[in-house]
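Here TrEMBL flags 1-21 as signal peptide. The domain 'SRCR' annotation in TrEMBL covers 35-158, 160-258, 263-363, 366-462. If you look up TrEMBL, you'll see Cys127-Cys142, Cys229-Cys239, Cys288-Cys352, Cys301-Cys362, Cys332-Cys342, Cys433-Cys443 marked as disulfide bond.
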Amino acid sequence: MGKMDRLLILLLAVFITGTIAAPTVEVVNPPSPVVRLVNGSTIYEGRVEMFAYDAWGTVCGLSWDMNEARVICRQLGYGPAISASGAATYVPEPTNASPTEPPYYDCSSYEWQCYYNGECIQDYQRCNGYSDCYYNEDEYNCFGNAVAPTVDVNSPCSVVRLVNGDTIYEGRVEVFVNGSWGTVCDHGWAMREAQVVCRQLGYGPAIRALDDAAYGQGVGPINLVHAYCSGWESSILDCQSYFTDHCFHSEDAGVKCSGPATVRLVNGGASNEGRVEVYHQGEWGTVCDDGWGLDDANVICRMLGFPAAFNAWHGAHFGQGSGGIILDDVNCQGYESSIAECQHNGWFSHDCGHYQDAGVTCESGVRLVNGSSLYEGRVELIVNGVWRTPCSNTWSIGDASVTCKQLGFGSAISALRYAPYGPGIGLIVNLHCYGWENSILDCQSSTSTRCDSGEVGGVVCSANHEIDWLVVVNT
């Protein structure tokens, strides 16, 4: 017996604990088709809705990918799926569908469960005979296999949300405890706690952990005081914490997360430049250069931790990519925290080829040039928009250590002198770093008149943070 046949069996009664009377569930023949697309700009796109249990409902976006999208398109008699966009709700969640499966309702699913990391305040929930929400936030208990008509329960499946931010990726942190939403005190609030919140919400890594009610003061209870996370927890409520009254809403904690789109730079000569590639729906792809400019490049560079963009490249300057073209006609204002927040044609919607792949050069403040790997090369600094090379007369392991740290690499292995990676360009500067600085531009420096292009410094960094021995060569 198929799944839909089982769903349409006449069920005489359902018994629900509590004060709600047990209704009779009637058999209703679903209309044809049993799946539809809603709110799209054409008939070939839109929000997926399915008819089940005498009602149209949306489809949860978790685990939603091209396999499920292909089934939907085939069922509607359309061509192959172009893209699959996930959006979380709390009705049937399809999983494990393959491109060759029969219609959607025969794919395996979790029935009516609610697994959503964002805010999910339910106006209703359908009972299915077992619990499915977390942290004691549950639907009414049912007995047997009957499915009841909708009942009002108003319980959230998420336990954390961000409030009052300029984007959905930032805001005052609030947690759901003992039946009510409340704020988090900023005592001990740091990046480890922020990382847990961002991960729990399904966003990218935390950018900042904010205190002193940076996103305004909350109201109601302060549900969490002095949270202490290791950083690996899946929920902020899994962290150690203390519940006390010695905190005020003027100390409400906040967080700024990076957006869900992940980016990387490929095929560049240094770590701060390359072809822009975006990760979306399980695959890496390129960005078309139609309309590509410094505002767009600035967003990419900030996502990668660089202060700004130095150049926006067109025409596959860093070589042609392979695979899909993820974005086209990107139009950023320059202040967005993620490329996903910028205007664009839609994911995987484009009219260009890889010969138009976009690239960027970011102003990292430092870059390595002419090395045989990403982790070594001639050191160049950008000062007032001009790349300069440090004089090797004063180049030390302290300078090399700060350089490697700023680039996100491991410890410095070697501080190289006398232009081992070729002569430098631009003005020569003398540097003096102690090794503890976060940026080489924080070190003492001066313009040198006693250096020539053959006396410039280089560095070899480790690829990780486990190497702690240092060597100076060519002394």
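Keep in mind that glycine also has a Cβ here, set from the backbone N, Cα and C atoms.
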With the cut-off set at 10 Å between Cβ atoms, which of these disulfide-bonded residues ends up with the most neighbours? Options: Cys362, Cys433. Cys362
Average the pLDDT scores across the domain 'SRCR' (366-462) and report the rounded value. 78
Going by DSSP, is Cys301 (disulfide bond) part of a helix, a strand, or coil? helix
Rounded to the nearest angstrom, how far is the Cα of Cys352 (disulfide bond) from the Cα of Cys239 (disulfide bond)? 48
Residues near Cys342 (disulfide bond) in space but at least six apart in sequence (CB under 8 A): Asp296, Val299, Val330, Asn331, Cys332, Gln333, Glu336
If you measure from the Cα of Cys229 (disulfide bond), which of the disulfide-bonded residues Cys288, Cys352, Cys443 is the nearest? Cys443
Within 10 Å of each Cβ, count the other Cβ atoms, then let me know which of the disulfide-bonded residues Cys288, Cys301, Cys443 comes out lowest. Cys443
Which whole-number value in Å describes the distance between the Cα atoms of Cys288 (disulfide bond) and Cys301 (disulfide bond)? 17
I need the nearest neighbour of Cys362 (disulfide bond) among the disulfide-bonded residues Cys352, Cys433, Cys443, using C-alpha distances. Cys443
The DSSP breakdown of the domain 'SRCR' (160-258) into helix, strand and coil residues is 16 helix, 38 strand, 45 coil
Cys301 (disulfide bond) to Cys352 (disulfide bond): how many Å between their Cα atoms? 23
For Cys288 (disulfide bond), what is the secondary structure by DSSP, using just helix, strand and coil? strand
